[in-house]
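Have a look at the structure below, then the notes.
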């Protein structure tokens, strides 16, 4: 833990997280637009609202209201516009969402002490990671739709609704873990030194994120009112703060992984020596 604390100070983790949160704010809604456009070609995009309602008790109310209003606005777009979004607007949305991933990659390089990729490689890698994260989301949403149908056919009695609810939670956790696995493995400029797909830092980040999100939601509900201080942009400020907390915990997970990996390498070297 001492090494982690030192790394947080040495790498200016809070400053990096603030930058990632800013670009994440700019990338969030284009990313949602891309998911809706792609998913709208396959099924009913309202399934996104159902998944959001699942974590409604964890996320701050200001955040869920802001996201829900934007989701409703996007889903109320006419079918023709959604069709065009699938071709042109989706490409623009994905490119815009790439900025958040690109900022996170720079933060991970700083943590790992790696040089940043060249401009072209950086943009292409960020775009590929964005596409991968969107792909994980779409595949998981497909499972969220298909599995309840299968469970409804199988005669499980009163266990069916419980299993469906449990699967929805499992799907949400899977998206978080899979997303972190992709980011931790391919985000840093570590050629030939990739992180494993399953890492302690990812599990820790997800658990701390759930606890911190609930704690921030409780704080906003009982002790703070951003609307009184910031007026009409209070919800946006709350969203930005929540994104900062999320970015910090993602980067913290990367620090934990790096510390554990360095310790493992040192122990292996001492054993071989």
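Cβ atoms here come from the backbone N, Cα and C positions, even for glycine.
Within the set 61-81, 166-186, the record from TrEMBL flags 166-186 under the feature transmembrane segment. Two recorded stretches are said to be in contact when at least 3 C-beta pairs lie under 8 angstroms, sequence spacing 6 or more; the transmembrane segment (84-111) and the transmembrane segment (233-258) meet this definition. Long-range Cβ contacts of the transmembrane segment (166-186) within its own chain (Cβ-Cβ under 8 Å, at least 6 residues beyond either end) map to 50-51, 54-55, 101, 104, 108, 125, 128-129, 132-133, 136-137, 140, 143-144, 147-148, 151, 194-199, 201-203, 205-206, 209, 250, 253-254, 257.
Outside the transmembrane segment (233-258), and at least 6 residues removed from its termini, the chain residues within Cβ reach (under 8 Å) are 4, 7-8, 11, 13-14, 16-18, 20-22, 24-25, 28, 59-60, 62-63, 65-66, 104, 107-108, 111-112, 180, 183-184, 188, 195, 199-202, 204-205, 208-209, 212-213, 216, 220, 225-227.
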